[in-house]
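Participant: Quick one: the structure is below, questions incoming.
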Amino acid sequence: MYGIEYTTILISLTSITLLNYILKSITRMMDYIIYRFLLIAVILATMINAQNYGVNLPITGSMDTAYANSTQNEPFWTSTLCLYYPVEASNEMADTEWKDTLSQLFLTKGWPTGSVYFKEYTDIAAFSVEPQLYCDYNLVLMKYDSTQELDMSELADLILNEWLCNPMDITLYYYQQTDEANKWISMGSSCTVQVCPLNTQTLGIGCLITNPDTFETVATPEKLVITDVVDGVNHKLNVTTATCTIRNCEKLGPRENVAVIQVGGANILDITADPTTTPQTERMMRINWKKWWQVFYTVVDYVNQIIQTMSKRSRSLNSSAFYYRV
């Protein structure tokens, strides 16, 4: 009887000892595998350059900062630059080779030949109807004219911002603007815009909805009109739809691949609609020269500093899409 008990105890001790030995062996083996794997990983990491797949976000600045002219060290091999100028510039310079000359000068600033495009427009009114901004970076030169100051301000507001627009059926519906970013943009060869505000009973306030002659005229006749009315109030509209298209638009934010360079004038135009805010000057700058050769020389000299205030975008601005984001 006692022999059986001793045998059982001996077997138990032997099993415990054997199990302990097996566990220690497994532990040493796992440590060996882990340490060896880590050693190999460290060695490979020092020999292989890992690729970082992060996004390189552009940094934009403000033109309130004074910029010095300099040559950009890194060429813009993969970027395109569009320079928009009025026809009077080419007429004044009267040089058939002026574009080639400027292309060679842009080359000294890191812009390869063929990456800079020169786009001519007739005047501010004509450019307002068909502003096509297709390049990675777009610089628009606008000659200051006191008689066209408001047209210049509206055009700058249009091209310096992104707008999400929807069609308006003014024959069937009343419309209201919901907030300050909500505007009605009219564009065409001749736009006359009249509005009649309505009360809660849809009766005209100071006007008759059945008689457009009693409507208030907010624009006549213009090629580009950005209409701002009292928010939260329904309006009946009358627009010369035969020569003009009107859309209900929401300002989404700045279009950072566009900059406007005002040529002449005492001050930079204020393109803000809100009279209580500080005038917007970012990507809106001024060159104070009389001759167009001097204007273009200055643009070439400072082009890379101007580009630093902008961000490269893949979207284009095309009036046929009426400023939809694409």
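Cβ atoms here come from the backbone N, Cα and C positions, even for glycine.
Straight from Swiss-Prot, here's the annotation block:
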- 1-50: signal peptide (SIGNAL)
- Asn69: N-linked glycosylation site (CARBOHYD)
- Cys82-Cys135: disulfide bond (DISULFID)
- Asp95, Gly206, Thr214, Glu216: Ca(2+) 1 binding site (BINDING)
- Cys165-Cys249: disulfide bond (DISULFID)
- Gln177, Asp228, Val229, Asp231, Asp301: Ca(2+) 2 binding site (BINDING)
- Cys191-Cys244: disulfide bond (DISULFID)
- Cys196-Cys207: disulfide bond (DISULFID)
- Asn238: N-linked glycosylation site (CARBOHYD)
- Asn318: N-linked glycosylation site (CARBOHYD)
Participant: Which one is closest to Gln177 (Ca(2+) 2 binding site) in space, judged by CA to CA distance, out of the recorded positions Asp95, Cys191, Asn238, Cys244?
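Facilitator: Of all the candidates listed, Asn238 is nearest in space.
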Participant: I need the most crowded of these disulfide-bonded residues: Cys135, Cys165, Cys244, Cys249. Count other C-beta atoms within 10 angstroms of each C-beta and give me the top one.
Facilitator: Cys249
Participant: Round to a whole number and give the Cα-to-Cα distance in Å for the pair Asp228 (Ca(2+) 2 binding site) and Asn238 (N-linked glycosylation site).
Facilitator: 15
Participant: If you count Cβ atoms within 10 Å of the Cβ of Asp231 (Ca(2+) 2 binding site), leaving out that atom itself, what do you get?
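Facilitator: Around Asp231 (Ca(2+) 2 binding site), other Cβ atoms within 10 Å: 11.
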Participant: List, in sequence order, those recorded positions among Cys165, Val229, Asn238, Cys249, Asp301 whose Cα sits within 10 Å of the Cα of Cys207 (disulfide bond).
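Facilitator: Near Cys207 (disulfide bond) by Cα: none of them.
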Participant: Return the count of C-beta atoms lying within 10 angstroms of the C-beta of Gln177 (Ca(2+) 2 binding site), excluding that atom itself.
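Facilitator: Around the Cβ of Gln177 (Ca(2+) 2 binding site), 21 other Cβ atoms lie within 10 Å.
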Participant: Given the recorded positions Thr214, Asn238, which one is most crowded in terms of C-beta atoms within 10 angstroms?
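Facilitator: Sorting the candidates by Cβ neighbours within 10 Å, the top entry is Asn238.
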